[in-house]
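According to Swiss-Prot, the protein has these features:
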REGION    1-23  region 'Disordered'
TRANSMEM  83-103  transmembrane segment
TRANSMEM  163-183  transmembrane segment
TRANSMEM  185-205  transmembrane segment
TRANSMEM  216-236  transmembrane segment
TRANSMEM  248-268  transmembrane segment
TRANSMEM  353-373  transmembrane segment
TRANSMEM  381-401  transmembrane segment
TRANSMEM  410-430  transmembrane segment
TRANSMEM  444-464  transmembrane segment
TRANSMEM  472-492  transmembrane segment
Amino acid sequence: MPQPSYADQINVEDSSDYEKDPKEYVDKEKGYFPHVITSHISKSSSQSHPDVSNAVLDETFSFMQEAKDLEPLTPKQDKRLRWKLYFTVLVMLMILDMMLYIDKATLSYSSILGLFEDTHINSNQYNDINTLFYVGFVIGQIPGHMLLQRFPVSKFVAASTALWTIIIFLHCAAYNFSGLMALRFFLGLVESSLLPTMEATIGMFFPHSEQALLQPFFYISCYGCNIPAGFIAYGVQYAKNTISPWKLFMIIVGGITFFLTIGLFFYYPDNTSTARFLTKKERLYTVDRVRRSNHSGIESKTFKKYQVIEALKDPVTWLFTFHVFCNQLSNNLAYQQNLLFTSLNVSDLNSTLVGVASAGYNCVSAIIATYMMSVIKNQSAFHGAIWYIPSIAGGIACVAMSWDHKIGELAAIIIASNFGIPFIISLGWTTASCAGYTKKLTRGVMFMIGYAIANIIGPQMWQSRDAPRYYPAWIVQIVIAWSVSPFVLLIIRWILVRRNKKRLALLEQNKEQYEKTWIETIDSSGNHVSGFYENSMLDLTDQENLSFIYPL
């Protein structure tokens with residue numbers, strides 16, 4: 001087969017201007033980016049699949065060669081498979097996410113269980129300890145994501161949870177400020193890449209159309225963590241032994257995480273093609289339904305520098321990073337809640353129950369958000385923007401209300417706490433709105449760095465000199481975290497709508513021209529091979545794959 005002309009080839013390296021027509025991405029001098037040539041083809045073109053390098057192919061390519069004669073699922077079979085994935089993959093991820101946030105919240109509950117007295121720290125040092133967690137979180141992003149791409153996902157997740165189990169247990173040995181700082185730093189380090197890993201996993205098993213609906217379930221597990229954690233904290237205060245309540249709390253949480261680690265080691269999937277809880281036929285259908293819906297690959301273990309560059313040049317990457325930075329400036333409210341409750345004359349014992357009520361409110365909000373997203377689809381920006389309204393209202397009430405209105409202040413604090421819904425929506429949207437495994441991981445790193453930097457700053461806004469009203473912290477939250485953030489989401493939507501209009505116009509002219517890619521590479525024997533491949537079989541970025549339509 002003749003090689004496509006240079007005029008038909010797209011140079012990835014130079015395609016940094018996302019506002020141009022995709023047809024303009026042509027470099028007649030360079031011809032193509034090494035190993036990948038994108039060409040528009042006709043129906044009569046060859047559809048053969050030569051033996052090309054794994055650097056180009058998606059990880060599940062070989063597995064999917066067995067699905068060439070796969071018969072389409074009936075609606076009933078598709079529903080049965082989808083619900084099986086919900087009760088295996090989604091439940092597993094929700095449990096992991098819940099324990100991840102319970103571990104983060106251990107310090108918050110320990111603050112009312114005797115931590116301050118046993119370790120001789122004050123409120124400002126408590127804020128510094130929270131900051132150190134996110135310093136470790138930032139430092140762990142790049143090495144964590146590199147390990148994630150290099151090693152099997154299941155082993156990476158199990159190793160991370162095993163390390164954080166050990167660190168949680170070691171908290172019981174801490175007796176001063178320095179010890180707590182070191183432990184929280186390393187806890188942030190080992191937990192740093194787990195949230196992006198879970199997002200990558202959900203992207204392997206569910207198409208974009210379903211991912212947006214499933215994201216609020218992560219919010220349920222995130223804020224729902226305060227329900228079991230609150231009851232555990234409530235119970236340990238009745239324990240009659242020589243162990244401090246906060247240490248007993250750490251031991252119980254560490255024990256639960258230990259058993260979770262064992263389960264993850266055996267059952268967490270590396271990718272769709274190796275999931276133990278699915279039959280071989282179910283794995284084939286799962287990969288097939290994700291590919292056909294997303295028009296993109298699922299996983300690649302080869303690091304691609306050009307995808308990193310493309311991610312950094314994409315303005316959407318930076319807008320998502322800026323959004324999560326603004327949003328998470330208010331995240332320390334979750335760590336301050338128990339202290340705020342006690343400052344309103346709620347006892348240590350009862351503050352744990354108020355925390356449970358707050359978690360219940362947030363879970364109900366997440367269920368409502370999920371229902372709204374299932375009814376009004378492909379409107380992530382508007383759904384996210386709407387859920388900032390309760391936070392703004394609650395924040396203004398906290399600032400404006402007299403401190404004597406204790407019940408009103410409690411209610412306002414709880415109402416203000418559901419800013420996590422837009423965070424979860426944007427977390428899923430940031431990875432769903434790009435393609436290319438290295439690009440997804442790069443965008444995930446940027447997103448988590450923005451998340452971590454905001455959480456480094458956040459604790460420092462709650463200075464003891466501003467107690468008990470903490471006006472500076474509330475003003476930053478109202479003005480930046482909850483008022484600027486929704487506009488960032490709307491700007492992202494505006495950009496993606498413009499891109500989709502151009503792509504849909506091209507696909508309307510001739511869809512099949514943009515669904516295949518011409519590949520030239522060297523196989524394992526050193527031979528030069530080339531041929532046309534379906535885009536869904538390859539690890540292409542959204543900029544290379546013109547059949548990729550951005551979810552809104």
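Cβ coordinates come from backbone N, Cα and C, glycine included.
The stretch in closest packing with the transmembrane segment (185-205), judged by the count of Cβ pairs under 8 Å and taken from 216-236, 248-268, 353-373, 410-430, 472-492, is 410-430.
The transmembrane segment (410-430) and the transmembrane segment (83-103) are not in contact, since fewer than 3 Cβ pairs between them lie under 8 Å (pairs 6 or more apart in sequence). Per-stretch counts of Cβ pairs under 8 Å to the transmembrane segment (381-401) identify 472-492 as the leading one among 83-103, 248-268, 353-373, 444-464, 472-492. Looking at which of 216-236, 248-268, 353-373, 444-464, 472-492 has the most CB pairs under 8 Å to the transmembrane segment (83-103), the answer is the stretch 216-236.
Of the two recorded stretches, the transmembrane segment (216-236) does not lie close to the transmembrane segment (444-464), with fewer than three CB pairs under 8 Å once pairs fewer than 6 apart in sequence are set aside.
Beyond the ends of the transmembrane segment (444-464), by six or more residues, the same chain brings 122-124, 127-128, 130-131, 133-135, 137-138, 141-142, 145, 188, 192-193, 195-196, 199-200, 311-312, 317-318, 320-332, 335-336, 427, 430-431, 470, 472-473, 476 to within a C-beta distance below 8 angstroms of the stretch. Residues of the same chain lying 6 or more positions beyond the ends of the transmembrane segment (353-373) and with a Cβ under 8 Å from any Cβ of it are 212-213, 216-217, 219-220, 223-227, 229-231, 233-234, 337-338, 341, 346, 379-380, 383, 387, 390, 410, 413-415, 417-418, 420-421, 425.
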